[in-house]
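Per Swiss-Prot, these features apply:
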REGION    68-115  region 'Disordered'
COMPBIAS  68-98  compositional bias 'Basic and acidic residues'
DOMAIN    114-143  domain 'IQ'
REGION    130-151  region 'Disordered'
């Protein structure tokens, strides 16, 4: 006898979701034939890395997730600090120059990344269109052969 509509919620251990996300990402990236064996090898390699470097990705992920959901820094708005106008004037030009340089550098990098991504997307779409045309040509040729056989 089963209960079709249950309000039971299971608590997932902290970091477990991050481990499964990492495994899923690697499975999608590698496309293995034997997923359980791949998962075992993946978790074993994570254990080896944890022993060698004393870095636990599950623990790190749980801390990041906890910080994300429990960060109360932006709930209260602080008034801007008042300082001497002379100090502000001397500090602003240097900061503006640095900020503009980093913005330009990042925008150039972003443009390059966008161009590479656009080329990949266009190539994938062209490949898709070409495959559809080949599929259509095959079905047309099969239909023509069937018509010739029926005559």
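Cβ coordinates come from backbone N, Cα and C, glycine included.
Since we're looking at a predicted model, the values are computed, not measured.
Taking H, G and I as helix, E and B as strand and the rest as coil, DSSP gives the region 'Disordered' (130-151) the counts 21 helix, 0 strand, 1 coil. Mean predicted confidence for the domain 'IQ' (114-143): the pLDDT average there is 93.
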